[in-house]
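Heads up, the thing below is written out as structure tokens.
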Amino acid sequence: MRRFLFSDPDFQTAFKAFLDERRGSPADVDAAVAGVLEAVRTQGIEALLDYSRRFDKVDLTAETIRVTAEEIEAGAAETPADVREAIAFAAARIRAYHSRQRPADQAWTDEAGVELGWRWTPLEAVGVYVPGGRAAYPSTVLMNAVPAQVAGVDRIAMVTPPGKLQPAVLAAAKEAGVTEIWRVGGAQAVAALAYGAGPIQPVDKIVGPGNAYVTAAKRRLYGVVGIDALAGPSEIVVVADNKNNPDWIAADLLSQAEHDPAAQSILITDDEAFAAAVEQAIAERLKTLATGEDAAASWRDHGAVIIAPLDESPALVDAIAPEHVEFALDNPERLSDRVRHAGAIFLGRVTPEAIGDYVAGSNHVLPTSRAARFQSGLSIYDFIKRTSIVKCDPASFAVLGPHTVALAKAEGLPAHALSASVRLPSGD
């Protein structure tokens, strides 16, 4: 864990060096991924099944690769009642939040008489990647599938590594209306969604988190399909004063540290004694936390405490551009309203980031690795597209046509000019 004093003369230099550090050391998997993608593209289902045997040690067929409706129902029934209730509660709130994002079509006639506008249409098919193992989270299903459903996507295809499927993940899929689930993971699953493979039909966009192989596959396939983002390790910044319970703030910092040894948790406070109390609370919690090994590595290698006047916190947050930021303060808006670069902002002393991960309704798929400078979190805008509409009548074309001809000639594109000039009263 690093400690920074804003008052130190070399603070800005040291802080910038800290931000520029690369978190995690992902293997160079691009070459291996390229081979997997090409094999699935050219060999289809045969390559997909072969990779499942080699990498996942399961023997699937084109008939057994799909999760049946009966398996989905059984998984949902196996999920404890309180978890099913929480899934339904979360899904309803996510649905309500994202329903408010629906944009309206626009149409108008301008002063030249040209009819202009745009219309929004949903994507036809979307693939959702849901990791397996410890990272098989029902919230991943909800946060990716529910907005797609709200947007009006016709087909949502989910892929998840083979093996014992987490009942809660199947319960979440049922709640989100996902009936097409394929037991395949890794780069080969991403390739199958992009190119199609046997019974798996191609999609228009792929969303959802994954390991280095999945991320590399999404990067390579961008252009063949759309993707949501290239997700990095989780991040949180907590801006807190000494009126907070140190144990609460420690828990908030650990909530992201437990995801991954490469995750990053940063405390900004104006009180050194409070910072020390939070550090002590973290040390105590790590002794009993089930995910303590990952959390301890994250806090040790990538954590930071910044002692600075709270009025400086918006500028510091903008420099970090974190995935999540909490302002655990009275009247937090006085500072948060000045923040420009953050994936999600949580306000007040009783609004921990974990609420946003599950049940607030806002999306937990957020930009990482300082991408909040130019990117937003997942929303229905990721599942719709805007098409421009233009209509001229003879009178309005007579206004626009000559200018079109002039610009086309200036650009050396005679066929463009001709396309307009032949429609003008003077002809070509």
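In case you wondered, yes, glycine gets a Cβ from its N, Cα and C as well.
The feature active site, proton acceptor is assigned by Swiss-Prot to Glu323 (among others). According to DSSP, Glu323 (active site, proton acceptor) is assigned to coil rather than to any helix or strand.
According to Swiss-Prot, the feature active site, proton acceptor maps to His324 (among others). If you draw a 10 Å sphere around the CB of His324 (active site, proton acceptor), it holds 27 other CB atoms from the protein chains shown.
Here Swiss-Prot flags Tyr129, Gln188, Asn211 as NAD(+) binding site. Taking the Cβ of Asn211 (NAD(+) binding site) as reference, residues of its chain lying under 8 Å away and at least six apart in sequence are, in sequence order, Pro131, Gly186. Asn211 (NAD(+) binding site) carries neither a helix nor a strand DSSP state and counts as coil.
The substrate binding site feature in Swiss-Prot is assigned to Ser234, Gln256, His259, His324, Asp357, Glu411, His416. DSSP gives His259 (substrate binding site) a coil state; it is part of no helix or strand. Taking Cβ-Cβ distances under 8 Å and a sequence separation of 6 or more, the neighbours of His259 (substrate binding site) in its chain are Pro233, Ser234, Asp294, Ser298.
Feature annotation from Swiss-Prot assigns Zn(2+) binding site to Gln256, His259, Asp357, His416.
Of all the recorded positions listed (Glu323, Asp357, Glu411), Glu323 sits in the most crowded Cβ setting, with the most other Cβ atoms within 10 Å. The NAD(+) site, placed at the center of the C-beta atoms of Tyr129, Gln188, Asn211, has further neighbours from the same chain whose C-beta lies within 8 angstroms: Pro131, Val159, Pro161, Gly185, Gly186, Ala187, Ala189, Val190, Gly210, Tyr213, Val214, Ala217. Annotation note: Tyr129 (NAD(+) binding site) sits in a strand segment as assigned by DSSP.
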